[in-house]
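J.: Feature annotation from TrEMBL assigns domain 'CWH43-like N-terminal' to 28-241. Feature annotation from TrEMBL assigns transmembrane segment to 31-51, 81-102, 114-136, 148-171, 192-213, 233-252.
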Amino acid sequence: MWNMDRQPLIFTPLKSPAKLVEISGKTLKRFTLFLPVGALIAIFLVAVVFMRDAVVGYEWGCRLVYLPAISRLLNLRATRIIFEFIMGPFFLLSPGVVLLNYKQLRNPRDNHIRITTLCVMVTSGILQNIFLLALTFVGEREDGNLHTIFFCIFIVSTYLYFLSQTVLLKSSDYARKNIEKAQQNLRWKRRLLAVLSILLPFVFSLFFAHFLHCVPYSYELFCLSEYATVATIFAFHVTTVDLLQFDVLLVHRNYKPHRVKM
């Protein structure tokens, strides 16, 4: 509106920031954990219902196999699109989870060993997400060797991420201030890390038993051990997200008060 009296107009900022959006940390954590579960259920149902011949009783390697590996489920044309669409927000949020975890486990006066371990945790956490995404683009059918390399890097980075978290939590200020919750979380981390340490040799041994020696039912056992490995990895992520304490608040601030002549 024009100021006909030619008097100065004063724009006064708000005394406090205006809250635009507020999202509770609990809601965001549940959403983050729901995404991988929802994505895997969706691609499994689509593959079994609409592409059954491609995932059950198909020729792979030296013989017919009767269970699909998760990598096969991920890399069918339709399921790949579905998985990447659902997991898009997860890949965007994951670096934030890693950085929040770093902030929580970092002590004000860390020694060189803890600083190195923190660097390993952050680096492996980022690499884990990068190569999980890479596995959805390069399937075992497109380039089996490259897919295997990506899978190995994903597994190694995941293991280092979990191991470094477990070591850091034990000696963190957070654990000293929240003894009961931290101890319970630490027990779960150790159990899951032990299970993962047992499963991984089985996964690789059964994989090579099928492709190098064509051992009967080795691929089906490989698939079952892979399912158990993915479930264990997810459970460890639950322990990681469970400790995070945060809320997301988007606010708007005005500029400093000033006079404008119209």
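For all residues, glycine too, the Cβ spot is worked out from N, Cα and C.
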J.: Thinking of Cβ pairs under 8 Å, which stretch from 31-51, 81-102, 148-171, 192-213 has the most of them with the transmembrane segment (114-136)?
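T.: It is 148-171 that shares the most Cβ pairs under 8 Å with the transmembrane segment (114-136).
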J.: Apart from its near flanks, which chain residues at least 6 from the ends of the transmembrane segment (81-102) lie with a Cβ under 8 angstroms of it?
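T.: Same-chain residues near the transmembrane segment (81-102) but 6 or more away: 28, 31-32, 35-36, 38-40, 42-43, 46, 74, 118, 121-122, 125-126, 129, 132-133, 136, 165, 240-241, 243-244, 246.
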